[in-house]
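Engineer: Here it is, the structure in full.
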Amino acid sequence: MPGNSFGKLFRVTTFGESHGPAVGVVIDGVPAGLPLTVEDIKFELEFRKPGRLYVSGRREKDEPEILSGIFNNRTTGSPIAVIVRNTDVISSFYEEIRYKPRPGHADLPFIMKYGYENWDYRGGGRASARETVGRVIAGAVAKKLLMLADTWIAGHLRSLGPEELNEEVTFEEVLCSKYSPVRASKKVLEEKYEALIKKATQEGDSYGGIAEVITKNPPIGLGEPVFDKMKAELAKAIMSIPAVTGFEYGLGFMVSKMKGSEANDEIIRKDNKIGWKYNYAGGILGGLTNGEDLIVRCAFKPTSSIRKPQKTIDLRNLEETYISVIGRHDPAVAIRGVTVVESMVALTLVDHAMRAGVIPLVKLTEEQGNIVQQRWERYVRSCKPMEESQL
């Protein structure tokens with residue numbers, strides 16, 4: 001099963017299955033001298049962890065174990081291997097799925113490609129979103145390394161089901177959304193999202209949503225003009241996330257309804273620099289980052305595992321039947337998915353930053369390491385619960 005690695009210079013390989021002993025990641029290409037601790041990784045993992053309000057009831061501790069690549073809280077330049085053990089597995093929930101592939105899931109395509117006898121039906125196996133633990137671990141490393149360029153990445157849930165954000169949002173509000181149980185950047189929206197989740201849970205159903213990720217101060221010129229355009233690289237990265245069904249940046253599909261005179265973003269002087277008036281392009285022009293905020297959005301489909309009975313085929317007799325999926329599943333995968341999107345944006349940007357020479361390939365100086373650590377600590381402090389002013 002190829003296709004488990006991402007990146008060229010900052011190369012990430014994830015491994016493990018939903019109900020296997022562990023999931024994990026190997027990160028190759030991290031320069032030496034980057035300050036890095038288990039706590040740095042846990043900070044990001046906490047926001048995709050199950051067992052919290054409004055997400056999957058699977059109570060995983062998600063404690064990362066660093067196996068290699070770090071000594072005295074600094075990277076050594078060798079591959080970083082990290083595992084997270086699966087400690088709350090109930091495979092008995094999936095016995096029915098063994099013979100009845102779930103609508104909306106990868107079950108049947110996996111059986112068709114790899115063979116029924118080779119299919120790990122427990123929790124979705126390799127196709128499970130549990131795989132994204134490795135992405136978030138690598139994303140934490142990438143986010144910290146990007147602090148060398150003072151590049152910050154944060155996301156929020158722009159819509160959930162029929163409810164959506166219809167006003168401007170500040171980057172500070174997006175940072176604060178990390179502590180919202182439904183990743184809302186506004187209190188009033190949080191209440192609407194919570195009501196929807198409660199409704200879906202009662203009905204045995206689920207909702208989809210749109211995640212938006214904003215990158216502040218991205219290095220200028222990341223990406224390559226032809227096949228490795230930044231928009232193409234981000235699209236591939238984000239579309240590889242389980243349950244993601246669409247991608248856009250800047251004005252996205254809305255631009256198709258506009259005139260050129262409306263869609264063209266005028267070039268102006270801004271803070272004594274050359275810039276763009278509205279950032280309609282979402283920080284990417286000609287396949288290159290232009291220094292404006294990098295703004296991407298992606299659509300998550302509703303969670304496929306739902307209690308409502310749905311038609312399927314019993315593989316034992318090839319007769320039509322019904323399945324009602326039991327177990328512990330997210331009523332909206334988009335909530336925890338926001339952190340995964342942030343991670344994939346970080347992995348894409350850090351790889352291109354290294355390719356462009358913005359981040360050193362071999363090692364960080366002691367001064368650079370100290371700068372990274374100071375900025376990381378400021379980032380962690382900035383991610384705080386919403387204030388009453390956001391009501």
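Placed from the backbone N, Cα and C atoms, the Cβ positions cover glycine too.
Here the structure is a predicted model, which means the values were calculated and not measured.
According to Swiss-Prot, the protein carries these features:
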type: BINDING; residues: Arg48; note: NADP(+) binding site
type: BINDING; residues: Arg126, Ala127, Ser128, Gly286, Lys301, Pro302, Thr303, Ser304, Ser305, Arg328; note: FMN binding site
Engineer: Can you give me the Cα-Cα distance between Arg48 (NADP(+) binding site) and Thr303 (FMN binding site) in Å, rounded to a whole number?
Structural biologist: 15
Engineer: Compile a sequence-ordered list of residues in the same chain as Lys301 (FMN binding site), six or more apart from it, whose Cβ lies below 8 A from its Cβ; state 'none' when nothing qualifies.
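Structural biologist: Residues satisfying the criterion: Gly104, Gly208, Ala243, Val244, Thr245, Val333.
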Engineer: Return the residue, from the listed binding-site residues Arg48, Arg126, with the maximum count of other C-beta atoms within 10 angstroms of its C-beta.
Structural biologist: Arg48
Engineer: Let's check the environment of Thr303 (FMN binding site): how many other CB atoms sit within 10 Å of its CB?
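Structural biologist: Other Cβ atoms found within 10 Å: 22.
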Engineer: Here the binding-site residues are Ser128, Ser305; which one has the lowest number of other Cβ atoms no more than 10 Å from its Cβ?
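Structural biologist: Each of the binding-site residues Ser128, Ser305 was scored; lowest Cβ tally within 10 Å is Ser128.
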